Amino acid sequence: MSVGIIGAGQLAYALARGFTAAGIVSAHKIIASSPEMNLPTVSALRKMGVNLTRSNKETVKHSDVLFLAVKPHIIPFILDEIGADVQARHIVVSCAAGVTISSVEKKLMAFQPAPKVIRCMTNTPVVVREGATVYAMGTHALVEDGQLLEQLMSSVGFCTEVEEDLIDAVTGLSGSGPAYAFMALDALADGGVKMGLPRRLAVRLGAQALLGAAKMLLDSEQHPCQLKDNVCSPGGATIHALHFLESGGFRSLLINAVEASCIRTRELQSMADQEKISPAALKKTLLDRVKLESPTVSTLTPSSPGKLLTRSLALGGKKD
C-alpha cells in the first residue's frame, strides 16, 4: 500500500510522521506534493525520507490511498487538476473542513462513474499517535475501503466511523480541540510564572497535568465531574480555583468555542456548495492556482534535497 498526500503542511507532516512511527507505512511508500518546497514541513518530510514532488498528478499516480490535506478553498482546483488521474483503485480521503462527500464526488464523477470518496476529520496529535479521527463513507466507497482507512488512522490514535452530518460538530470539538488545549496550557503556564515558577518548569507541569487528567479519564469509566470532585477537598485550594473559573464563565466559553468552530465549518460548507469564498480566501486561491498551473513538475527526492529531477518516483511495485 502506498499513501499520497496532496499538501505538505502541518497535517501532512503529522500523518506521515504518525504512519511511519507506527510502522504501518514506510517513508518510501509515502509521497507528498506541494507547490512550495521551502516550507519547514517540507524539510521535515524530506528528512524523514518521504518522497516529495511539486506535481499533484504524480502524487496521485504513485498512491493507493490519497489524502487531500489542503485548505477547503483550494479543493475544487485540486479535484479539477487530478480528476482524470484518479482511478478505480484510489481511495480519496478528504480532510478539509466543511467539504462534503457529495461535492468531492460531483467533481470526480466528471471523470469516472464511481469514485471512492471518504470524508475524514482528524487532528494534529496524530503526529504523536494520539490523534482523534472520525470518517464517513462516500456513495461508492466499499466496506474494505473504510476498514483500510480505519487501520491507518487507528495506528495514530482513536478512530471511528460516524454519519457525515456529525463531522462538523467533531471539527468544533476534537478537530479544533488541540488549539483550545494549547491556549489553556499557555495560560496555566503564565499563571505558574506569575506565582514564581520558571517558564520551562511551568509549561512542563501544566502539560503533564493535562496529559495525566486525560489518561485518567480514558482509563476509567468515571464521569469527568466525578474525577473533578475527587481533586476537590472541602474548603481547599482547588474548589476555590474552580469557583473562580465558574464565575468567569469557563464552561460557557468552551461550549461557545466548540459551537463557533462548528458554525464556521458549516459556513465554509455552504460557501463551497455555492462555489463562493471570502475575499481573503479568493486572493489566496488565485495565488495557489498560479502555483498549481505552473509548468514545472520536477521532483525533489529525499536523498537529494538540493537537486531537481524530472524522472518519475519509483515507489515499488509490491503492495504492503
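Each residue, glycine too, has its Cβ placed from N, Cα and C.
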Residue from A97, A207, A257 that Swiss-Prot also lists as binding NADPH with A8, Q10, L11, S34, E36, N56, V70, K71, N230: A97
Neighbouring recorded positions, C-alpha within 10 angstroms of A8 (NADP(+) binding site) - of S2, V70, E164, A237, T238: V70
Least Cβ-crowded entry, counting other Cβ within 10 Å, from the recorded positions listed as S2, S34, T238: T238
Residue from S2, S34, E164, A237 whose C-alpha is spatially nearest that of V70 (NADPH binding site), among the recorded positions: S34
Protein Cβ atoms within 10 Å of Q10 (NADP(+) binding site), excluding its own: 15
Top Cα neighbour of K71 (NADP(+) binding site) in the set of recorded positions S2, L11, E164: L11
